[in-house]
Amino acid sequence: MAESGLANAESSACLQSDCNAQSENSAAGSGYAEIIVVRHGETEWNADGRIQGHLDVELNEVGRRQAAAVIKDSDLRERHLGELQGLVFRKAVKLEPKAYKAFLSHRTDQEIPGGGESLDQLYERCTSALQKIGNRHQGECVVVVTHGGVVRTLYERAVPSGNSPGKIGNTSVSVFHLSNEEDWLIKTWNDTSHLSETGFLENAFGGDGTSG
């Protein structure tokens, strides 16, 4: 499933060597936690252009190739998109026009009809969750697997006056350093070089303003 959560670096097969190498070189110092944030693998709904939100959708064959067991943390779920969840994005404007308009609103406090979250609520939820993880793992390297909308929000926390984070690829890797003083630093952003030989996920839906 496209779950959100936390995995100890030693239990993450695809990133274990990276964390071990960094640990040996003292990259993860005692003053901060190194958190490797990975967008989940592709789901059938990503491929279909369907809005997921909080709905639990199985990974497809491509997504399962990148999947690893994680500890679930509901605060790292995708944004709740209310009445839009389950709809194909291109059809949402006709099926749920009010919810669609709310989703496109530039107001960060705009909630989406049907129990959907505002951007402010998403920001508070997921940035607080990652800071708690960072506080618990100072001097360690951990892996977080989450969703495109969450990854974009974490970028906004680390680079509040920066450029748009762009499209977040499925299984893309970003590395954050979080200190006890709540200073956030991005060391690696949206790296998909490990997919260079596959080409599977270049056109996957979500990971940008349509995340869900």
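Any Cβ shown, glycine's included, is placed from N, Cα and C.
Feature annotation from TrEMBL assigns substrate binding site to Arg39, His40, Gly41, Glu42, Thr43, Glu44, Trp45, Asn46.
A 10 Å cutoff on Cβ-Cβ distances gives Arg39 (substrate binding site) a total of 29 other Cβ atoms nearby, all chains included. The Cβ of Glu44 (substrate binding site) has 14 neighbouring Cβ atoms from other residues within 10 Å, across all protein chains displayed.
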